[in-house]
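Engineer: What follows is a single structure, and I will ask about it in a moment.
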């Protein structure tokens, strides 16, 4: 049986945060500025950062990288942006150092704070347009609209094909930068706000918050058994400085029935996840909508008039919604070309059982909506709803 829980399942490496004396040599902590390789004061990007940028750009340009960063970071764009900074102190290096280090990145860029999307727009805009299939810099993401939940259904009422269903979204808390710019004190402060907010949830959303710092072995094992525990970021996030002060300010909430989950300060400030076994997308989606609306009343989220809800990675902007199923379609799987053809028609993404770059275990695929920008939350989920029903229809006719 495939669990409906988050796909990046693993034992969290609970290592203590480094002592203050070991962090960010020469910079005050707190308050920290982003661009921690750069000057903590003033608007100038210091020589060490410029030197690292120049060296990294030269290596990337000479590499065979297929990343969107390499595609759009021309000499002209590089020269225009290399001396710029946000008010948080973020430099171009903070945005692109992961892509400069990891030439096998698909995208290669992150936003260290919300302002980065504007200050470094000459680079972010074409990457966003490419990834989000034509969302141009003149386009505007529509206002939030969860739509009519009643128009959705159980995509597999017989239970023959869909193993589990999951809908998640990401949110950033207003007034705080993203991971690379957060101080240790801010991480702790955010966790306090999140845990107290979540403790106020009622009904089917009522549950418990578990901070990663100081977690007992018993709780750790319980969360591993439930496939809820997230691990410290991979090398792409590590080199983007998204894992500082780990595990301070990180934690996991789940409701009593284990159908609603919140990750605090994993990649984004918040990842909200609704899930259950079977194909009842209507129930899963309704639960997420209720949770997001309840939490939003107490914790304001960062929103951009043009880009929608703001996230650390530009691939998740807009609705930030990913609706997915674990589904068994052995006949279609035997004709991968046909499976991909139907998926493309409904803007669906086909992945292995445990996500991107994994194989389908026992013929079970993870299939989700591909589009997140330029459409409403409801439209993103409805595309997945209609596409999965069509896949099942074709599978049953073969």
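Backbone N, Cα and C atoms are what each Cβ position is placed from, and that goes for glycine too.
Quick paste from TrEMBL:
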DOMAIN    49-133  domain 'Phosphagen kinase N-terminal'
DOMAIN    161-398  domain 'Phosphagen kinase C-terminal'
BINDING   164-168, 227, 271, 322-326, 351-356  ATP binding site
Engineer: Counting by DSSP, what is the helix, strand and coil composition of the domain 'Phosphagen kinase N-terminal' (49-133)?
Structural biologist: 51 helix, 2 strand, 32 coil
Engineer: Near the Cβ of residue 351 (ATP binding site), how many other Cβ atoms are there if near means within 10 Å?
Structural biologist: 17
Engineer: Can you count the other CB atoms that lie within 10 A of the CB of residue 271 (ATP binding site)?
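Structural biologist: I count 23 other Cβ atoms within 10 Å of it.
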Engineer: Neighbour count first, Cβ atoms within 10 Å, every protein chain included; then name which of 164, 324 tops the list of binding-site residues.
Structural biologist: 324
Engineer: Long-range neighbours only, meaning 6 or more apart in sequence with Cβ under 8 Å: which ones does residue 167 (ATP binding site) have?
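Structural biologist: Sequence-distant Cβ neighbours: 273, 274, 275, 281, 284, 285, 288, 321, 322, 323, 324, 381.
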